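A.B. asks: Here's a structure for you.
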Amino acid sequence: MMRKSVRRAMLMTTACVSLLLASVPLCAQANDVQQKLAALEKSSGGRLGVALINTADNTQTLYRADERFAMCSTSKVMAVAAVLKQSETQKGLLSQRVEIKPSDLINYNPIAEKHVNGTMTFGELSAAALQYSDNTAMNKLIAHLGGPDKVTAFARTIGDDTFRLDRTEPTLNTAIPGDPRDTTTPLAMAQALRNLTLGNALGDTQRAQLVMWLKGNTTGAASIQAGLPTSWVVGDKTGSGGYGTTNDIAVIWPEGRAPLVLVTYFTQSEPKAESRRDVLAAAARIVTDGY
């Protein structure tokens, strides 16, 4: 209990560091956000991790942001980004075709299953992985890159020393408590997502393509997006796995303001616990209130 209290106090302090030159009411507001996230976590019965970066002034709102969580399908962003990076020097890569065999299909293949005994381009595989969370598409991208460790290696090249991908679909979604495989921290993922979509980790064309794919996601309406004003533009990637693990990572464009980058990770203690997208929506609502 004391360890949890100390951790929360540290996180509250972190939230206020960026407000050192601001007024006491602003720091009190940051503490209020921490208290609301703690209350949400307690009522949910799980473990919640949140990292919000306001790109207007680089302030951060953090909750368990340095703890590891299973990424599940949010890892697809890094795999797709690695392929996009290759396409900067391998012209025509996204148009190259890959055979889709019946044996390639696994547990969730909404797009790939339509192309069995046919082919898909790397561009189509990337879109399927990001916008429909197609697991066969993800495995094809990982195989092309040379294995999960190559995705991790790419993360290192963009300054992310925390991300680790150890397995392929669907086993990367086991999300066993305490298992470091296929995990990252909310803050590390938020920083990586910012670098990929708003920074210089990718070339202009590749960055624009990644953002377009994320904005076209079909799986996120009930997660982060559900906690935001309808006028805000969202590009996101969801993920889910064992132990009721429910994730969403997003770049958010509030109307008339600088983008926000938000990562929400949530997991539970029971292996067959239900997903809780409502928790992610509530967390998004809490941390963006007042923007």
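Cβ atoms are placed via backbone N, Cα and C, with glycine included.
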A.B. asks: Which one, Ser231, Ser240, Ser269, is listed by Swiss-Prot in the same beta-lactam site as Lys76, Ser133, Glu169?
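C.D. replies: The one candidate that Swiss-Prot places in that beta-lactam site: Ser240.
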A.B. asks: Could you name the residues, excluding Lys76, Ser133, Glu169, Ser240, of the same chain that surround the beta-lactam site, i.e. Cβ within 8 Å of the Cβ centre of those residues, in sequence order?
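C.D. replies: The answer, listed by sequence position, is Cys72, Ser73, Thr74, Ser75, Tyr108, Ala129, Asp134, Asn135, Met138, Asn173, Thr238, Gly239.
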A.B. asks: Any same-chain residues 6+ apart from Ser240 (beta-lactam binding site) with CB under 8 Å of its CB? Would you list them in sequence order, or say none?
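C.D. replies: In sequence order, Cys72, Ser73, Asn173, Thr246, Asn247, Ser275 meet the Cβ cut-off.
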A.B. asks: Within 10 angstroms of the C-beta of Ser73 (active site, nucleophile), what count of other C-beta atoms is obtained when all protein chains are considered?
C.D. replies: 26
A.B. asks: Sort out for me which one of Lys76, Ser133, Glu169 has the most neighbouring CB atoms within 10 A, since those are the binding-site residues we care about.
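C.D. replies: Most Cβ neighbours within 10 Å: Lys76.
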